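For reference, the structure is listed below as structure tokens.
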Amino acid sequence: QPGTRRHLRACIVRCAGRAARPAKENGIDDLCQDILKKWNLREVDGHTDEPPVRVGMDEKLAKIMEEQAQCVVTVKTRSKEEENLKSAILAQYAQVSDGEVTDSDQEELETSGGISTKNTNAEEVFKAEREKRERDKEEAQRKREKDKEDRAKQKSKDDERKEKEKKRTQKGERRR
């Protein structure tokens, strides 16, 4: 079988047999001698053909996890004042409105001294969109009326043209 010790030895013996022949083409002699030297050194050192021990995937993952566990996370300490500021900001953003005012919101506005945090921009945008829709409706209505008038004018022009054609043909028939 390829890759076994016996197979490798057979290949080297064949190579050595070629080396004994007088074929010195392309440096085959030197190559075979080099292989034989390395093979002999390997056998002297006591190497075996066993594949090197490979680390399993589980062991690799365990090693990586250990390294990550050793990383120290620094905890940022905040003063009481910073914590209060953060909670106030979060509370402010938690009460963001979509422009609708409920009874409870109205009561909060009245009890907070009349300071309004109502989103007026949303109302303005809503009004602008509504006005645009109304303008578009009116414009579409005017266009429909104009198209209707244009069709009526075209029809009357066609009728007049037909009448003129009819009169002209009648006049031509009378002459005959």
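Each residue, glycine too, has its Cβ placed from N, Cα and C.
TrEMBL entries are annotated by machine, without manual review.
Features reported for this protein in TrEMBL:
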| type | residues | note |
| --- | --- | --- |
| COMPBIAS | 100-110 | compositional bias 'Acidic residues' |
| COMPBIAS | 113-122 | compositional bias 'Polar residues' |
| COMPBIAS | 124-163 | compositional bias 'Basic and acidic residues' |
| COMPBIAS | 164-176 | compositional bias 'Basic residues' |
| REGION | 94-176 | region 'Disordered' |
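For the compositional bias 'Basic and acidic residues' (124-163), the number of residues in each DSSP class (helix H, G, I; strand E, B; coil) is 40 helix, 0 strand, 0 coil. Residues in the compositional bias 'Basic residues' (164-176) partition by DSSP class (helix H, G, I; strand E, B; coil) as 12 helix, 0 strand, 1 coil.
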